[in-house]
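Undergrad: First the structure, then my questions, so here it is.
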Amino acid sequence: FIGVISSSPVPRVPPLFGEITSPSYPKPYPNDNVSSWDIQVPKGYVVKLTFRYFDLEPSESCFYDYVKIKADKKDLGRYCGRLGSTTGNHPGREEFVSKGNKMHLEFRSDFSNEDNGTVIPYRGFLAYYEAMDLDECDPKNAAENDDRPQCQHFCHNYVGGYFCSCRIGYQLQSDRHSCKVECSSELFTEASGYLSSPEYPQPYPEYLRCNYSIRLQKGLSISLKFLEPFEIDDHQQVHCPYDQLKIQAQGREIGEFCGREPPGIIQTNSNEVDIVFLTDESGFSRGWKIHYTSEKIRCPQPVPWDQFTIIKDLQPVYQFQDYFVVSCKTGYNLMEGDRKLLSFTAVCQADGTWHKPMPRCEIVNCGSPKNLTNGVFSYVNKSANNEYQSVISYRCNEPYYHIVTGTGGDRFTCSPEGTWLDQDGQKRIPSCLPECGKPVHPVIEVQRILGGKSAGRGNFPWQALTGIHGRGGGALLGDRWILTAAHTIFPKGGVQNNVSLEQLAEEADIFLGHTNVNELHKMGNHPVRRIFIHPDFNPKDEHNFNGDIALLELKTPVTLGPTLLPICLPDATNTSFYTHGHMGYVSGFGVDKNRISSNLKYVSLPAVAQEKCQSWLDNNKKGIPMVFSDNMFCAGFLEGKQDTCQGDSGSVFTVLDRESGRWVATGIVSWGIGCGTGYGFYTKIISYVDWIKGIVKED
């Protein structure tokens, strides 16, 4: 049993070439033979046939043996004979080409191949065929039996086939050959271009529903210009009853047009335009053509609010995306409402408006000048305001303060940046520094603390009344330092000396500005921030007052005036104030007639030579080994009872420096033996000037 496996037939693709031979080739062909071949190549190709070898019995009109070729329902020829024979029809090298993809070949031989009784062996033929591309687009190549429609517009050949296409505005139909107008959704996005009715300037087709859309970027305005000829079917009495051309811009109807007269140039002021063209079933009008262009939308010309506004590089025309920059003249600020602008740029928008309103320029105002502590300012210019180029001048409250300025002086001008600047362009205002040693009402007669009358207000405006361990004295340095004796803070042999300086500063009372104790108390205490004791002072050594000097820093500066002024420090190199007999003054709230004084007293005392002080001390120390160092001096009279006493400790010994006209503190009431019984001993301030200045400067 032999089984057969069946399968679905696979479509056979015709070969592109092949050979055809006569029966028994290359041996002689048999007699009485009829053979035929149907040659077929793939569609889209034609058949080309050539004979490589041809040897058939020759005869007139190829009556006996022959090969006949047919294609496209036509005979292409009947051939016989040998190469060079005088009879027959030898094909030679002729190429036989069909118009379709098929060709038929027929071979026929008669009963014999004899010539005058001699049998001649004719070998037949060898033919070769191949597929050649058919140019279906050439009308000459159309086969007679080809009933396919031709391309209506354009035909495109390719190897093995062809395809059709249509002109712009037409669409290929489902039969793949015919074309129909398609203009329902034409989109134009270039900045300029042309659009027209189908077939323009030939008559447009019937039943059109064309829609042309121009879509450009925002900020552009489209212009429409109609070209000649312009022909759209119309009616003399009815407006555009047959065919209509409608134009819209962003939904806004611009117009409906027909007839023979083209519209003028249409400025749409829009970046979106729709053109609708409708036709009926008849008519021979040639239609229309539009050249559209675009330009940027314009914005209004910028106009400044005032003469101080500067528009940089003002242009004659501003269009979409153009911009302008605004600044102000020197001394003016750009303002948007109440807001100050550092810069301003306005951009022309797509709708033809500026994205920001024009700012204004407002004159610079520097604001109120900084107040000068212990001084004032005044306007130099008549306008007396704080605007650009206004000028002020600072001055201090004289004669209690003197002004200290930079190299730019005391005049300040309102600058374009809105700040007050001196002539060097610096912001820092002057300072008012206290004037020292210049009492408004200096002492004019010699009085003495013991038995003397009260000092007048303003005689000793630096005098301070201290209350730390009882009543003491001191002197104002600058506007917030009190110079006093160290032993008023840490008394010699006192049990209070284990209290910290911080606690003592909190508890200390400082009174200034009056000659009466009750009035001083009413005026109030000046709180102390810090206390500095000279490192040489030893409170445990009751017989050595070396380094008996201290500084108290007030928490807040005092305001100077006729009854409150600082004393000056001596020049550290000037020892003339300590020469024998040099007169000085000491003021204080000490003992007066064995009673604590309620009023400020003062006495004039001469400085005493160092050796006399030591001699007197040696004779009167009453067994007390008191130390008299080079950092001390003594002053007073031996014959009277003019002296400083308890309660005056810390007050200063002052002399008039006749060169400068200033009062200088040369000593501090420090110690003595008894009260009003001889010389008093003072801390020599000249020895401690550097220490004092170091602390004050450091702060």
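Cβ atoms here come from the backbone N, Cα and C positions, even for glycine.
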Undergrad: In TrEMBL's disulfide listing, Cys432 is paired with one of Cys361, Cys366, Cys396. Which one?
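TA: Between Cys432 and the options Cys361, Cys366, Cys396, TrEMBL records the bond with Cys396.
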Undergrad: Which candidate from Asp243, Asp306, Asp313, Asp322 does TrEMBL annotate alongside Asp280, Ser282 at the Ca(2+) 3 binding site?
TA: Asp243
Undergrad: Under TrEMBL's annotation, the disulfide partner of Cys164 is which of Cys151, Cys166?
TA: Cys151
Undergrad: With reference to TrEMBL, which of the candidate residues Cys155, Cys166 participates in the disulphide bond with Cys179?
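TA: The record-listed partner cysteine is Cys166.
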Undergrad: Based on what TrEMBL records, which one of Cys366, Cys436 is disulphide-bonded to Cys414?
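TA: In TrEMBL, Cys414 forms its recorded disulfide with Cys366.
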Undergrad: Which of the listed disulfide-bonded residues (Cys179, Cys396) has the least company, meaning the fewest other Cβ atoms within 10 Å of its Cβ?
TA: Cys179
Undergrad: Indicate the candidate from Ser112, Asn157, Ser282 with the smallest number of other Cβ atoms within 10 Å of its Cβ, considering only these recorded positions.
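TA: Minimum Cβ neighbour count within 10 Å, taken over the recorded positions Ser112, Asn157, Ser282, occurs at Ser282.
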Undergrad: Around the Ca(2+) 3 site formed by Asp243, Asp280, Ser282, list the extra residues of the same chain whose Cβ is within 8 Å of the site's Cβ centroid.
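TA: Filtered neighbour residues, in order: Glu206, Asp233, Tyr242, Thr279, Glu281, Gly283.
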Undergrad: Relative to the Cβ position of Cys366 (disulfide bond), how many further Cβ atoms are located within 10 Å?
TA: 22
Undergrad: Measuring CB to CB from Cys166 (disulfide bond), give everything in the same chain under 8 Å that is also at least six residues away in sequence.
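TA: Non-local contacts for Cys166 (disulfide bond): Gln152, His153, Phe154, Leu172, Cys179, Lys180.
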Undergrad: List every residue in the same chain as Cys151 (disulfide bond), at least 6 positions away in sequence, whose Cβ is under 8 Å from its Cβ.
TA: Cys137, Tyr162, Cys164, Ser165, His177
Undergrad: Could you tally the C-beta atoms, other than its own, that fall within 10 angstroms of the C-beta of Asp110 (Ca(2+) 1 binding site)?
TA: 14
Undergrad: Based on Cα coordinates, which of the following binding-site residues are within 10 Å of Cys258 (disulfide bond): Glu57, Asp65, Asp110, Ser112, Asp280, Ser282?
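TA: So far as Cα distances go, none of the binding-site residues lies within 10 Å of Cys258 (disulfide bond).
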Undergrad: Under 8 Å Cβ-Cβ from Cys210 (disulfide bond), six or more apart in the same chain: what's there?
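TA: Spatial neighbours, sequence-distant, of Cys210 (disulfide bond): Val181, Cys183, Ser184, Glu186, Ser197, Pro198, Ile275, Val276, Phe277, Leu278.
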